[in-house]
Amino acid sequence: MKLHTMIRFLLSVCCIVNVFESADLAFIPLTKAFLDKLKNETLYNRFATPTQYDGVPTNVTLSMFIEGMSSFSAQTMDYHLDVYFQEEWYDHRLAHNASAPILVRDLTVFKMMWHPDVYFANARSAAFQDITDDNFLVWVYPNGRVWYDARISIVSSCNMDLWKYPLDSQECALRILSYAYPMTVLRLLWSEKEDVPAIDRNPDITMPDMSLKHIRTGYCNGTYATGEWSCMTAIFYVEREMMHHVMQTYVPTALIVVISWFNFWLEIDSAPARVSLSITTLLTISTQANAVKLALPEVSYMKAIDVWMGSCMAFVFGVMIEFTICHYAKNLEMLRGDGQPSLIVDTALSTLFGAARDIDDLNEEEGVRGDGEQHIALNMLNPEEPRLRSLNQNNDVTANGTRYFVGAERMKRKRSKASLSRLRQQVASMRHATIDVSRRAFNWTRALRNLRGRRVAQRIDERCRIVFPMIFLLFNVAYWSFYLVFN
């Protein structure tokens, strides 16, 4: 009796040890009995769903762990995902009597089992990781529960709305469907476990130009010609990091606009310097705008960066227009009240090469006019000259006149020549005085008009020193408020 009791005690201890060993064992390797079941087409049909003959759809629960996310490209409108993709379903045909789940690590064995044919509808490319071995596993629990896990790299498309670029945020959805089974046969569901979310992520995910804010799940069931298909979506909400664009685009272009305002402090006569500065800043803005366009697709709507670049270019172009108006106002003031259109040419030449041409032309014209006036003045101030010429001719004809008359006439001729010499000196001095006065009056008139024209241009520059910065400041307030606050 005691021997029998001892044997029963030893058997109980062995059973308890076996139970604890089975509990500590996470899985058991693939068994021959399990393989024989898969190979027996009478017992297991791998082409039929687990509930094929029950009249109800097979539920497949999905979950994901996002290991990495990168390469959000606005040019190609796609992004890269590195995920651990899990599927879970029940197949009672695979139930077994083992004390732990059976681990399947062979692709050949996995293909002998029925498994969902899910795919990523908007993925441009996808691949299983196979370094250093195929990154997948299948656990088959004793009650027929099947849990599948695989690591997949996905390049998925994302239809980005770039009207706020680079101040934008995007929602990119990854669509998951069954390829062959409609909703009446297979139904996809997100995992609803309380302790584990349906989509979890690596907290260390960082991207150079984007930040992942949150992930949410959704459904996208759709009806097609072949029926209604079950569809799941994983929606990633990302925001673009704008500090890079602020430092590389916004700040440089704003400084270029400020540099263009230096024109307002340059002299109005410094045409080469003002034109060179305006053209240089305009070309720099244009180069910046072209560099930004190379990183973006050609879209039919205006983006936030286009508004900024176009406005900065308009401000720089407005500086060039302001200089043109100032120069025209100065020349118009000098031309006012003078009917000589050549003054506008003289002003331009004097601005670029120095003023001397107009005064030389005045001296030449007044010199020619002075010679004619001298001849007229001599004829008016010496009326004896024609009479003396006629008396000289009469002396040749009337040679028999008295010597007394001829002598008297000669004395009068000498006195006339002396008075004529004095008159010539007086007329010459009067002519030179008149030319000096005319030249001084002309120079004073031109100087006065030049001062008035410069004053008009300076007033325009002084107003623009305040107007342009104020308008640019108001534009910045409206721009940043519209794109960051109200949208």
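Yeah, the Cβs are placed from backbone N, Cα and C, and that goes for glycine too.
TrEMBL lists 33-237 with the feature domain 'Neurotransmitter-gated ion-channel ligand-binding'.
Taken from TrEMBL, the feature domain 'Neurotransmitter-gated ion-channel transmembrane' applies to 249-480.
Annotated signal peptide per TrEMBL: 1-22, in sequence order.
Per TrEMBL, transmembrane segment is recorded for 250-268 (among others). Cβ atoms under 8 Å from those of the transmembrane segment (250-268) belong to residues 274, 277-278, 281-282, 284-285, 288, 308-309, 312, 315-316, 319, 322-323, 326-327, 330, 454, 457-458, 461-462, 464-465, 468-469, 472 of the same chain, restricted to positions at least 6 beyond its ends.
Annotated transmembrane segment per TrEMBL: 275-296 (among others), in sequence order. Below 8 angstroms of C-beta separation, residues 74-75, 162, 165, 249, 252-253, 256-257, 259-260, 262-263, 266, 303, 305, 309-310, 312-313, 316-317, 319-320, 323 of the same chain, each at least six residues beyond the ends of the transmembrane segment (275-296), sit close to that stretch.
Residues or ranges marked as transmembrane segment by TrEMBL: 308-329 (among others).
Look at TrEMBL and you will find 466-486 (among others) tagged as transmembrane segment. Tertiary neighbourhood of the transmembrane segment (466-486): same-chain residues 164, 167, 257, 261, 264, 304, 307-308, 311, 315, 318-319, selected by CB-CB distance under 8 Å and a gap of 6+ residues from either end.
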